[in-house]
């Protein structure tokens, strides 16, 4: 196996006596022995310089190569584990929101008359926001199984700015002394809370169902199907119901708080999750010839 630099096409090494049934993971480990600074998670091994990275489980003899395989290496930069990424991303919004909820003096600069809100929906919004991110942290530790173990370290700054920044913006307006409650009062709030809890339950159910597909530690992608849990029946219609429920959660939070920044955050979430859902949907169609043709990426019958 000949490994070239993806950019300069310069030969980095020649791995001799590589078995035909060797996996890409094993080739990464061989390469790592020669170049210790490039640990396996940092390596992108490709068949073509501009192509996609090969997966760890792919076998050399199943690839379109001859007796001498030419592969291309790209340095992905320092990596960080996905579990660590999610814990950092989700812990921030949880505590940042409390800074505004408890009306810390330096935030609003108000006297003691404004240290608490007269509107019950403000307390309810804090409970729901906290519940959402606590659920995410629990799922990160006990539920999620990641097909890829790491992500580039540089991305953590961008992700934290997004999650932490929006958490501060939402919390500032929802907990502001001049905040006004929803137009339709308790009816609007109660409807939104019920919708919020249903979407959270649905999101959790989908994550558990996806996790069960890899219960034995396998990283092989499988077609997800509905289970006996009614919340998973959305799999009949969409490829990524976890994103559908996630968007529903933020729509309900928008209705509950009737706050423009929350609505903008929800809109951006919908755009990003639609992109992710379409990408995953296309991957399913490409990898599985028997994939259900009636499924849509994120919204049943529409999108």
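Even glycines carry a Cβ here, placed using N, Cα and C.
Record features (TrEMBL):
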- 1-75: domain 'TECR-like N-terminal' (DOMAIN)
- 80-102: transmembrane segment (TRANSMEM)
- 150-303: domain '3-oxo-5-alpha-steroid 4-dehydrogenase C-terminal' (DOMAIN)
- 161-179: transmembrane segment (TRANSMEM)
- 191-210: transmembrane segment (TRANSMEM)
- 230-245: transmembrane segment (TRANSMEM)
- 251-271: transmembrane segment (TRANSMEM)
Same-chain residues at least 6 beyond the ends of the transmembrane segment (230-245) whose Cβ lies under 8 Å from its Cβ atoms:
199-203, 205-207, 209-210, 224, 273-274, 276-277, 280-281, 284, 292, 294-301
Same-chain residues at least 6 beyond the ends of the transmembrane segment (251-271) with CB under 8 Å of its CB atoms are 121, 124-125, 128-129, 132, 166, 169-170, 172-174, 179, 181-183, 188-189, 191-193, 195-196, 199
Tertiary contacts of the transmembrane segment (80-102), as residues 6+ beyond its ends and Cβ separation under 8 Å
122, 126, 129-130, 133-134, 136-137, 140-141, 144, 146, 148-153, 155-156, 159-160, 163-164, 166-168, 170-172, 174-175
Would you report the average pLDDT that the model assigns to the domain 'TECR-like N-terminal' (1-75)?
90
